[in-house]
Amino acid sequence: MFTGSLVALVTPMHIDGSIDWQALEALINWHIASQTQAIVVAGTTGEAATLTLDEHKAIMRFCVDIANDRIPIIAGAGANATARAIELTLAAYHCGCAASLQVTPYYNRPPQRGLYAHFAKIAAAAPLPMILYNVPTRTACDIALETVTALAKITHIIGIKEATPHARLAQIRQLFPKNQSFKIYGGEDALCAQAACEGLIDGVISVTANVAPEAMQNMMHCALNGDLKQAQAINQRLAALHESLFCETNPIAVKWALQRMGKIAAGIRLPLMPLDERWHESLTAALVAAGITIQTH
């Protein structure tokens with residue numbers, strides 16, 4: 001299945017907030033050339049919360065068409081309404097996505113039995129591989145280890161993305177030893193090199209890969225193949241970038257960085273805002289430290 005560096009892709013937008021399809025196509029081709037292992041579209045970093053249902057489905061179709069079997073497209077298809085998540089997952093299946101990423105239902109804070117029923121019903125609706133997504137800092141909802149264990153027995157549920165501390169990754173790995181079919185993906189760029197070196201994750205679903213795709217893939221390849229020294233060296237070069245990309249709520253900073261690189265326009269949808277000027281200098285310095293070419297104003 002999917003290992004290494006998977007990018008949590010931004011949704012490029014024009015200044016008026018409309019989707020920039022030309023820029024999206026260019027980003028997909030750039031990630032293919034950079035050997036990114038899969039692209040997650042219309043997820044948190046892709047501003048799924050402010051996409052219309054039609055836009056969400058159109059992004060899935062467009063990315064699958066542009067990828068043309070050159071790279072797997074994973075659809076962000078999660079929702080806090082089970083019926084909507086099923087609708088998005090069916091759309092992802094029918095347009096040819098390789099898998100779906102399913103965030104825990106946010107805001108309504110279901111009990112563990114509700115989480116199990118939610119994901120089980122989605123898995124039953126479409127024969128599409130599913131990756132669970134646990135990000136309690138955003139959702140106010142945490143999947144218990146017992147619930148993960150139960151869900152992993154369902155045929156189409158193939159892994160989990162954990163945007164959680166190192167200790168939780170270690171607990172998940174104890175449940176699912178390496179080389180099993182159930183995969184573990186890190187969701188915190190700053191932790192992924194160490195976690196991969198320790199064998200705790202099989203890949204990362206990365207924000208940093210938006211701006212440094214080749215470096216992230218090289219780092220993960222080294223970490224997963226025992227070249228720990230080189231993995232740590234690459235991670236050290238990216239350390240300031242990992243931090244700076246979260247100086248404000250994701251994807252504010254990463255979209256600004258991509259704009260400075262000349263990859264996308266400055267569009268972002270309310271209630272998110274363009275990056276506050278007080279962060280411009282530090283993020284620019286982090287990009288330069290990572291060896292990334294930026295455009296001068």
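Each residue, glycine too, has its Cβ placed from N, Cα and C.
So that you can see what the record holds, here are the features copied from Swiss-Prot:
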ACT_SITE  Tyr133  active site, proton donor/acceptor
ACT_SITE  Lys161  active site, schiff-base intermediate with substrate
BINDING   Thr45, Ile205  pyruvate binding site
SITE      Thr44  site 'Part of a proton relay during catalysis'
SITE      Tyr107  site 'Part of a proton relay during catalysis'
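Here the features listed in Swiss-Prot are painted onto the structure.
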{"residue": "Thr44", "record": "site 'Part of a proton relay during catalysis'", "contacts (Cβ under 8 Å, 6+ apart)": "Ala8, Gly76, Val103, Val135, Arg138, Asn250, Pro251"}
{"residue": "Thr45", "record": "pyruvate binding site", "contacts (Cβ under 8 Å, 6+ apart)": "Ala8, Leu9, Val10, Val207, Asn210, Asn250, Pro251, Val254"}
{"residue": "Tyr107", "record": "site 'Part of a proton relay during catalysis'", "contacts (Cβ under 8 Å, 6+ apart)": "Asn80, Thr139, Ala140"}
{"residue": "Tyr133", "record": "active site, proton donor/acceptor", "contacts (Cβ under 8 Å, 6+ apart)": "Gly43, Gly78, Leu101, Gln102, Val103, Thr104, Ile160, Lys161, Ala163, Gly187"}
{"residue": "Ile205", "record": "pyruvate binding site", "contacts (Cβ under 8 Å, 6+ apart)": "Leu6, Val7, Ala8, Val40, Gly43, Leu101, Lys161, Tyr185, Gly186, Gly187"}
Where Thr44 (site 'Part of a proton relay during catalysis') sits in the secondary structure, as DSSP reduces it to three classes: coil
